[in-house]
Amino acid sequence: MTTWSDRLTLAAMGPAAAAAGLAAGHLLAAATTPSASPVLAVGSTVIDRTPTPVKEWAVAHFGTNDKTILVGSVLAVVLLVATAVGFVARRSLVLGAGILVLLSAVAAVCAVLRPAADAGDALPSVLTGVVAAGVLLTLFALWPAALWSADRAPDEGTAGNASRRGVLVGLGVTVLAAAAVGGLGRRLTSLRGRPENVTLPAPAEPAGAFPAGLDRTVPGITPWRTPTGGFYRVDTRLDVPVLSSADWSLRVDGDVRHPFTLTFDELLAMPMIERDITLTCVSNSVGGPYAGGARWLGVRLTDLLDRAGVGAKADQMLSTDFAGMTISTPLALATDGRDAMLAVGMNGAPLPREHGFPARLVIPGLYGFISATKWVSRLTLTTYADHSAYWTDRHWATDAPIKISSRIDTPRPLAQLDVGEVVVGGVAWAQGGGGVDRVEVSIDGGAWQQAQLGPSAGEVYWRQWFHRWDAKPGSHTVSCRVVDGDGRTQAPVRANPFPDGASGLHTINVTVGS
Ligand SMILES: Nc1nc2c(c(=O)[nH]1)N[C@H]1C(S)=C(S)[C@@H](COP(=O)(O)O)O[C@H]1N2
Ligand SMILES: [Mo]
């Protein structure tokens, strides 16, 4: 007869075996190609295959947690299937082990089908399958004969010395070993991902002094310069790519007269410009967090393109990252005189790995998905007719200047405030239209009142603003809007991020009371 504790033991068999396999695969991946870790390979495939509306929904509801939730979901599915494995294995050991092997095979296929992957990327998943199946067989070898389902004859050899305690010890050892091996994989990943020591040259064209913003005077406002560690991160990767500057190179090719390849040292030897630029993600909703201001150091894009000699046909600059992910930029916009650059430095230090080390594109005024390629390794001059990039294939716009926008940072939505003076403050950007000219605030839909602006660091950098409001008791709405240097006012028309950026006004509700 099967007791409850036997059922629990059975339910734990599959997950323990799967955990051991995943830990082994993760460790092997950490030592070779981190992104080939089975769960990451499946997760990345899900990211690339998810229809755009579903992805937008996930970004809107989970924000930057969307990746944690994705990895968690993949693990949850594995856990669910693996839980069934123990019960299946009780009737047919081959079938139980087969399910684990099948799961790993799915991961292996995902891993080799990643762009720029090779057959070796299947190895972590293969190891996962072998270890998981092996552990399952071992655990069942310890399984007391009396507990096999009635229609399955116990194996003569193991029936004699097996005991319930043996299985439990086996399970415990498996779980501990999986935790240890998995921990080792994590440790290895973080060791390999340590920042590399590179010395950046001084800029030929420095950005000049950066005045103090309103950070201290307006509590709760977005820092005028985003601390590098707090800069938003948006990309399709589940890992942090670890590239070495010595192995990096940039290929400039396509419709050019002189295609060439540049090493990192050659890049650093070119004249550098330094610019304060605000980066914005097309997926940012009005009032959302995917915008950040930094001081970038890099080589002018046009210096690179001039060296290659761009042909007459090209209308698109297709940039490719080290893993084959592509981003398209309208060539005319990238070369219209704006400070587009191949950046190597961010806020006075080399680019962090999360933000594209060793080199990335930064192009002011265009949303990141058509301009800001991280870990970039190739610039191909081509046409939209000949090549389509990652997000173009997912029906996002190809021409997407950053829409002018403003955001209320303080007070927070739904805040309970005291009667009297309330300082409303936030940031505004208008990279396309001559910079921020003014910001206006409306209380309860009333007249637009001009806010005070913080200092300016140029047209393509955001500006802080604040407005003193004499708050009366009751519930209120507070809205803001920006007016750019060309006289255009932020439109109240609401639009979702897809396909070319959100619009509308940021409006919050607050309660003022005694
Ligand atoms: N290689 C690569 N570069 C990329 C992306 C990506 O998915 N892969 N995402 C882009 C998007 S959508 C944005 S908004 C910016 C974000 O840059 P950040 O993560 O440094 O803030 O990077 C861009 N560069
Ligand atoms: Mo983005």
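Even glycines carry a Cβ here, placed using N, Cα and C.
For the domain 'Oxidoreductase molybdopterin-binding' (239-389), the model gives a mean pLDDT of 98. Taken from TrEMBL, the feature domain 'Oxidoreductase molybdopterin-binding' applies to 239-389.
The domain 'Moybdenum cofactor oxidoreductase dimerisation' annotation in TrEMBL covers 403-455.
Packing against the signal peptide (1-29) from elsewhere in the chain are residues 35-40, 78-79, 81-87, 89-90, 96, 100, 103-104, 107, 123-125, 127-133, 135-136, 139-140, 147, 164, 167-168, 171, 174-175, 177-182, 184-186, 188: each is 6 or more residues past its ends and has a CB under 8 Å from a CB in it. Residues or ranges marked as signal peptide in TrEMBL: 1-29.
Residues or ranges marked as transmembrane segment in TrEMBL: 69-88 (among others). Away from its own ends, the transmembrane segment (69-88) comes close to residues 9-15, 17-18, 22, 39-40, 42-43, 46-47, 58, 62, 95-96, 99-100, 103, 136, 238 of its chain (Cβ-Cβ under 8 Å, at least six residues beyond either end).
Residues or ranges marked as transmembrane segment in TrEMBL: 93-114 (among others).
Annotation source TrEMBL lists transmembrane segment at 126-146 (among others). Residues of the same chain lying 6 or more positions beyond the ends of the transmembrane segment (126-146) and with a Cβ under 8 Å from any Cβ of it are 13-14, 16-18, 20-22, 24-25, 28, 38, 85, 89-90, 93, 96-97, 100-101, 103-105, 107-108, 154-155, 158-160, 162-164, 166-167, 169-171, 174.
The feature transmembrane segment is assigned by TrEMBL to 167-185 (among others).
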Subject >> Positions on the same chain near the transmembrane segment (93-114), where near means CB under 8 A and six or more residues out >> reply: 14, 17-18, 21, 25, 35-36, 38-39, 41-42, 44-45, 78, 81-82, 84-86, 121-122, 124-126, 128-129, 132-133, 136-137, 140, 323-324
Original post:
According to DSSP, how is the domain 'Moybdenum cofactor oxidoreductase dimerisation' (403-455) divided among helix, strand and coil residues?
Top reply: 0 helix, 30 strand, 23 coil
